[in-house]
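Participant: Let me begin by handing over the structure; questions about it come next.
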Amino acid sequence: MEVQAGQLLSQINIPSDLKKFKEEDLPEICKELRQYIIDIVSVNGGHFASSLGVVELTVALHYVMNTPYDQLVWDVGHQAYGHKILTGRREVFHTNRIYKGISGFPKRSESEYDTFGVGHSSTSISAALGMAVASHYKGEKDRQHVAVIGDGSMTAGMAFEALNHAGIENSNVLVILNDNCMSIDPNVGALKDYLTDITTSKTYNKFRDDVSAVLSKISELGPNAHEIVKKIEKSIKGTLLKKSNLFEALNFRYFGPIDGHDVVHLAKVLKDLRDIPGPKLLHCVTVKGKGYALAEKDQTKWHSPGLFNKITGEIKKSAPSKPQGPKYQDVFGHTMVELAEMNDKIMGITPAMPSGCSLNIMMKAMPHRAFDVGIAEQHAVTFSAGLATQGLIPFCNIYSSFMQRAYDQVVHDVALQKLPVVFCLDRAGIAGADGPTHHGAYDIAYFRCIPNMIVSAPMNEEELRNLMYTAQLKNHGGPFSIRYPRGNGVMPEWKRPLKEVEVGKGRKITDGEDVAILTIGHIGNEAVKACLELNAEGYYPAHYDMRFAKPIDEELLHEVFKNFKNVITVEDGCIQGGMGSAVLEFMADHQYQAVVKRLGIPDAVIEHGEQAELWNECGYDAFAILKTVKELVKAKPTERLVG
Ligand SMILES: Cc1ncc(C[n+]2csc(CCOP(=O)(O)OP(=O)(O)O)c2C)c(N)n1
Ligand SMILES: CC(=O)[C@@H](O)[C@H](O)COP(=O)(O)O
Ligand SMILES: [Mg+2]
């Protein structure tokens, strides 16, 4: 569907076009930009409310700053749709997050205006500071470096690491705190309360305004008075104000809070800030979903609503081609409550993804036993470890790609101490439209090499429930990880009685000859599809569900290598170091001879697209499995296809 940009917006191909307009035109430009985002996202999908919340900020920044020379870094980047539209991508924005289209996040290879690749939160201040220090070193005194970071992203430790460093570098960095009181779910933590206080507190703002009013009166008395005033202001700021403002205490000049939707005022403030050297923080108060009433009302639902009717607000449900099971995340959420009712030691932890991983189900049912710790994956892991030292059984749910941020905590704080933390890695494997920053490609490999770690992956919803049930039965001598994908399972009737599974045991799905297909996790269902088709063509491969990558089922592998000369391993994860590698290691350790073909995510960056498109591109969907079976069966014994 052709979407037409508004009359002013259609004249803005790059930010320098924006500068041709007068300040009084900016509100109309914001109106047209906001409408364009609504028009495209409603038919295309993607992140929605966050971009609406920064329309004015985006326009003001590109109006005042000399981008791309002045550098903007968008934290997470899910709010950068306006930025993309204003920086040469208006006419291709309808390909946003579509296979082979533009990325849903700023990406250096996509545009010179995208100064830093993002997707994971809380990196913007570090990156902008790096750029600022580099500019200082290169003598680029006039260059601006701006990090736009949300209040949610500000709850991550990395943001404070950067503030701490920036405060002593005296580099020209402007942090714009986009404060809308929301993460994906409502923001959490003491910082949120502080920001609310500083935004609403009469004391701080009144005292500061009174001081400036008095001082500006005095400075009108003459040039000497102006000098005296600067000294008084410095000492007051250096004592009273500094003590009462977190950011001032870190040597940032704090400005605000200001209305993040008043584009003309924003432009004026940004112009003033350009001339103030050193680290600065501008506190902008915005509304997530601004300008689309339904999104303002339910900001979590409209964070990433999918396709919707922009007039009625009706969100379109995808009609599956065949009966689907529930979302894996919901099976996790409901099973958490079921297990917690049976075992009062169970606790749930999520770093800022309660609705994303469905821990919100337990948070609602048992608010004292389920925690949203903010965007703080490292803290989530070690907080879980602390709980485990006291005999509790924490289920720490972290998206596979976000878990990468807490790797040392898993090794150092959990595995070395053999603590029984259950890691539920949601969004494991190809995540889809979020692309390479969000694909959970590496968790089998990065967990398999950790001592005392159990690495498991359910083939379906029933298996997920049984692995969760098994994990909490006892301390298995360390952490127990269960990884599962974004999206739906295959069992409409999923809520079956919970059963213990034997740790380290796989299972045979079907007997066969010539080729053994070994799968792990949900991708086993692709092998089921392939086997049905192969049977119809007279091929009868065997299929085993490994269920565990560590400990791997050695008894099953002995059976496989004693009976098959052709083996295919399949995983929705990186080939290198994955389950297939574990099978090769076993084969070598036991001097078996066979042709082993490993299917999975290759050693490459996999861009965005639908999961099925990317499984096909990576060569491990049903079609690829079928093709590989035929190749192996036809291959002569001398042809070795070790993958
Ligand atoms: C390391 C990491 N953890 C979690 C996420 C998931 N995530 C994406 S956006 C978001 C909320 C960000 O809130 P905020 O920074 O306030 O931006 P807003 O959506 O309010 O504009 C979260 C938790 C992520 N992208 N990266
Ligand atoms: C931007 C970000 O990191 C999150 O919004 C993420 O896109 C959520 O992913 P799901 O949509 O799979 O929950
Ligand atoms: Mg926010």
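Just so you know, glycine gets a Cβ as well, placed from its N, Cα and C.
Whatever TrEMBL says is automated annotation, not expert-curated.
Values in this document were obtained by computation on a predicted structure and should not be read as measured data.
Okay, these came from TrEMBL:
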- His78, Gly119, His120, Ser121, Gly152, Ser153, Asn180, Tyr292, Glu377: thiamine diphosphate binding site (BINDING)
- Asp151, Asn180: Mg(2+) binding site (BINDING)
- 326-492: domain 'Transketolase-like pyrimidine-binding' (DOMAIN)
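For each listed feature, how buried is it and what is near it?
Facilitator: Gly152 (thiamine diphosphate binding site) falls within neither a helix nor a strand when secondary structure is assigned with DSSP, and so counts as coil. Neighbour density for Gly152 (thiamine diphosphate binding site): within 10 A of its CB lie 30 other CB atoms from the protein chains shown.
If you take the C-beta of Asn180 (thiamine diphosphate binding site) and look for same-chain residues 6 or more apart in sequence within under 8 angstroms, you find Gly53, Gly150, Asp151, Val285, Thr286, Val287, Lys288, Gln299.
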Participant: Can you list which of these binding-site residues (His78, His120, Asp151, Gly152, Asn180, Glu377) have a Cβ closer than 6 Å to ligand 2?
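Facilitator: Only His78 qualify.
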Participant: Any same-chain residues 6+ apart from Glu377 (thiamine diphosphate binding site) with CB under 8 Å of its CB? Would you list them in sequence order, or say none?
Facilitator: Pro351, Ile398, Phe402, Met403, Arg405, Ala406
Participant: If you count CB neighbours within 10 Å, which one among the binding-site residues His78, His120 has the smallest count?
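Facilitator: Fewest other Cβ atoms within 10 Å, among the binding-site residues His78, His120, is found for His120.
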Participant: Using DSSP and three states only, what is Asn180 (thiamine diphosphate binding site)?
Facilitator: coil
Participant: When you measure from the Cβ of Asp151 (Mg(2+) binding site), how many other Cβ atoms are you left with inside 10 Å?
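Facilitator: Other Cβ atoms within 10 Å of Asp151 (Mg(2+) binding site): 24.
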Participant: What is the biggest Cα to Cα gap, in Å, among His78, Gly119, His120, Ser121, Gly152, Ser153, Asn180, Tyr292, Glu377, the residues listed as binding thiamine diphosphate?
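Facilitator: Comparing all Cα pairs, the maximum is 32 Å.
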